[in-house]
Structures are given as C-alpha cells and as structure tokens.
C-alpha cells in the first residue's frame, strides 16, 4: 500500500500533505471509464509523444446572470501534485478493462505523472465569462486527456457554488451577515464540505459545518434547534439554576431574575405570562447558563396555552372560531412598509414573503408548503395534529392567499417575552445576550416586531445594548426571498441559508467543458449545427480591457503568436461568429488573464489563502458595471476575438466543413 492509500485509510477523506489538505477522494480513478479506454487507444496508436492543448471553459453564465466566479483552482493543483496510479489502481484496471489490454500499457500508466503538464489559469476568485477558457492545459496527449473529468468535477461545482454565494451577498448587502446552514441538505458529505468552502469564498461569513471550519479555517456559527426547547416542559426540570456573576463571582439564581423580569416585560410587550410557555423559559435559562456570553435563542418553537382549547374543539367549531377570532385587524404601515389592505403574500401566483393585515404568513409559501410549528405547553408534549392540518385548510380564502391564525404571531411573542426576560436576567449578572433566531412565519413582519420590542426594552430598562441584539432569520430562504424582504423593510441582521444555497436549486450545474484545441502545434476545431457548440481553435491568450473609469469593458481572445493589446491603442474586437458585430476599443488598462500555475511538476505561483480568494471575489466584482450584476435583465458582458483570430477561426471552419452535393 502506497503513501496515498495509507493516508486515506488512516486519515479519512482528507489527507494532510503539509502544504495543503488533499482530498483523498480526488485521485486518478475519479474519472470516466472512456478516458482510460481512450488512453489505451492513443497508446496503441503510438501517440505517446503527441502533445496537445485543451481549453476548460463554460458556455453560459448560471442563474440567469451575466457573470461567474472561478473557483476550484487550488484543488486542481493538488490533483496534479498527487497524480499517480497506485498499484491497487493498476490491479483494479486490469480486472475492469476489456480483455486483451497489453501488459505494457499498465506499466505505462503506473509511471505516469503530471510532470510534463503545464497549466495556465486565471486567478481563483476572478470574475469569468462564457467561452473564455478559465484553465488551459498543455502537455502529452494521453496525460492531459486523462485529466479531463477530474478537473471538470473540481471546477464545475466550486465555481457554481461561489457564484451562487456571491449573488446572495449582493442582494443581502454588505452589512447583513450570511451563514451557510446547508450540510444536512447537501449532496453528500463531500458536497457539504465543498458548499461550506465555496460559499465562504463567494462572500458568506461563516458556516454551521464544524469539519469545514477545521479543514478550511472558516468561522463556525450556530444557535440551537427546536429540539432543545422542546426537551423542557416546565421550570421544575431545571436542575441547574445558578450562574456566577461575571464581575463579583457570586452565584445567583438566573431563573429567579428571569421570572421577575418576565412579569415586568409582560405589560411592556403586551404578552400575558399565562400565554408564554414555562418549558420554553426553562430551556432558555438552561441554555443561557451554558453560554452566558453567547446566548442566542430560537424564539418560535412553542404555541400558546390558548391553543389547547382550539385543538380540543371539533372541526366545525374550529372553523367558526378562526373566522370570528382571526378577522384581520388594521395594520400600521410602519410594520412592514405597506399600506393597510395591501397584500404582501401570494398575489396572482407571485410569492412575496409578506404579511397580510396583521396575520402572519409562513414565509410567503403556498398553502400546501406551509408548516405550523409543533405545539408545546407546560404539561403536554409537542404533536402535529389533524386539527393543525384542518386549520390550514380552513384558513385559505377565495383569493388563494393562505392565512395563518393569530397563534403563530402569539407563539413568536411568547418566545420574545421569554428571551427578553432571560437576556435581562443575564444583564443583571454582567452578561450580554447575542440575539434571536426566527425560523418560521412572516420574516419581515416578525423581524420588525422583534426590533421594536428590543427598542422598548432598551428604553424601559436603560440597557442600550438591547437595541443592537442580532436578529437571525432562516426558513428555506433563497435569493428572491431576500429581495422581497428588502422591499418590505425587514430588520434582519443575519440570514442562515441552507437548501437553496448548497444545492443551487435554480441551476444545479455550471456546464464546464474541456475541448481539444491544438495537437502537435496544429489547431483543432469542433463543428456543430449549434453555433454555441463550435469551439475556438488553437492556443490562445486572454486579456481583459478596462475603461478609464476602471470598469471592465470586454474580454479579448487572441492567438498566442499575436502581440498583446496596448494601453491607449485602438483594438478591433469582433464577435467570434457574427461578422457584423465588431467595435474598436481603446483600453485605459490591459490585464493579461493567464498565469502559469503548474509547470515541470511544480506549482509556480504563491497560492492565496482562502481569505485572500474571498477578498479577490469582491475586488473582481467591483470591476463590473452594476448593470452587468443586477438581478433582473442584466446587461451581457462582451467577449470578443481579435481580427486575426476571427479570420483564423472561419478559415479553419471552411476547411473542415463538408461540402454538400445537390442532385
């Protein structure tokens, strides 16, 4: 067993190679079978000395946008650094490949390394555009062919994930924190780790993924689950009530302080203590004792006691009760930025995470997707009943908008009351709570309600830091949700985003391709009736031309034999396939996009840290005009070829295109 296999067996998926963590899954056999069968056919055809150039690029930007963030380069370099078929790899291939493969081929494979490969790439974290190769590979035909699938899998998801995260960062704004909560919804463990790494690259501030924090030095953040709250049913279950005062060191009863503050807060927040859950209070006190300097509580777990009577009634009575008790009261415009009578819920099939007439709606979801939090009182355990489902059915009105009953709002207010009481109790003992997390309901409305409540508490109890408590929101958030919340004037300080981020639900794949463009110095072109799939042949260089205001104007591809474009010199830029589309550009700055990252078996550049790549993303995005980055109908960024390359492409096209015959 070789070093790689030993490291995999002993250390798990990631191996410590000193300079950088090496993912043990990424190895030469992480490829498609046809790469190895082609390698044998090349070898059989005596092409071992042939050299080739491959371009790795994508054809379309993801998420209906006009930019892509290039990521995954470091992983590609790790792969080249460790590329070698182990003895067990060779034995497996002997059993797997068709019979008749000559023994000498396996000896050839066993001696292959990436020493003779040269890799050119744009910097990781740079904005990239369709058809401009983000990686260019030169080297022996067989080895660069064998690299194809692995390089694609390392770049495709990484770039897609970083781009998705960057888009979330742009819509959230620079002052709102973004946390990645997607491990449990990711496509397996490796997908979860990659999502954590590349969401951080794209602009997120932290992750809930502890292993990702260890491996990539990403800040790890988290609160607690509903399970912790529901594990307590009464204050009698509190086995520890004492907490040491931060300054004096004297042990004091935190629960006693919290109960005293809850009584005073009840009138201020207009929530009866009888409507709040003692189990919830007990859970929060317990958690605060465990983390007095880091108390962040989930505040929407429990229903209120008044709901017990609702659930014991028959369904006809329930329907009647909902109709009478939940008649919409008038809502002040200041709560969500909309006038009375306006609906921020689902209107004509369009979702907005809204609030109608003071009745909370679950994140703007359609009725069939709406979930009501489990009920919990001081004497009963949480259950989801048929009555709950009936409530959903009976609160759908003729315009298609689903209303949640008032107890959803009251449930949140109960959590808010208990949290505020515990936070003030901590304050008595010299500690400051961090904030709350909201995981359901109308996030815009509830965040405004929470902020208003915190301001009241701050003024009434003379605790200015209460104004600054963090409000975290989760609950199946996507890019459109944040845009809608922005329109509604939310008061959320931090979003915890999982499913839509890590699975890239709007577009699950970037679609990078790896195409042969030159062999033994001779250009190669792939023709297709679909012009989008016609490749741009030959070994090329790429340049980014900038305007006087510092914004990127256009990316220009040239043959490597051409001199680079010069500052203040007129350059003819042409669309690669449309003859009439052309323009002169006089650049104020010219950036050569490619650097040699791998040559002669060594990494040739100082690799940036993850933090530096993260900074690079934001710097690179700033070079784009806002109309290229906007969410709705962004302006396409232009990619062009030089006049010389244009003529070269079309001459080669004519040479290779078959001539039809009419009879």
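The backbone N, Cα and C atoms fix where each Cβ goes, and this holds for glycine too.
The shown structure was predicted, so the numbers you read here are calculated from the model rather than taken from an experiment.
As recorded in TrEMBL:
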type     : residues : note
DOMAIN   : 29-156   : domain 'Nicotinate phosphoribosyltransferase N-terminal'
REGION   : 322-383  : region 'Disordered'
COMPBIAS : 333-364  : compositional bias 'Polar residues'
DOMAIN   : 434-535  : domain 'Nicotinate/nicotinamide phosphoribosyltransferase'
DOMAIN   : 539-648  : domain 'Nicotinate phosphoribosyltransferase C-terminal'
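Averaged across the domain 'Nicotinate phosphoribosyltransferase C-terminal' (539-648), pLDDT in this predicted model comes to 97. Secondary structure of the domain 'Nicotinate/nicotinamide phosphoribosyltransferase' (434-535) per DSSP (helix as H, G, I; strand as E, B; remaining residues coil): 40 helix, 21 strand, 41 coil. The DSSP breakdown of the domain 'Nicotinate phosphoribosyltransferase N-terminal' (29-156) into helical (H, G, I), extended (E, B) and coil residues amounts to 55 helix, 21 strand, 52 coil. In the domain 'Nicotinate phosphoribosyltransferase C-terminal' (539-648), helix, strand and coil residues by DSSP number 23 helix, 39 strand, 48 coil.
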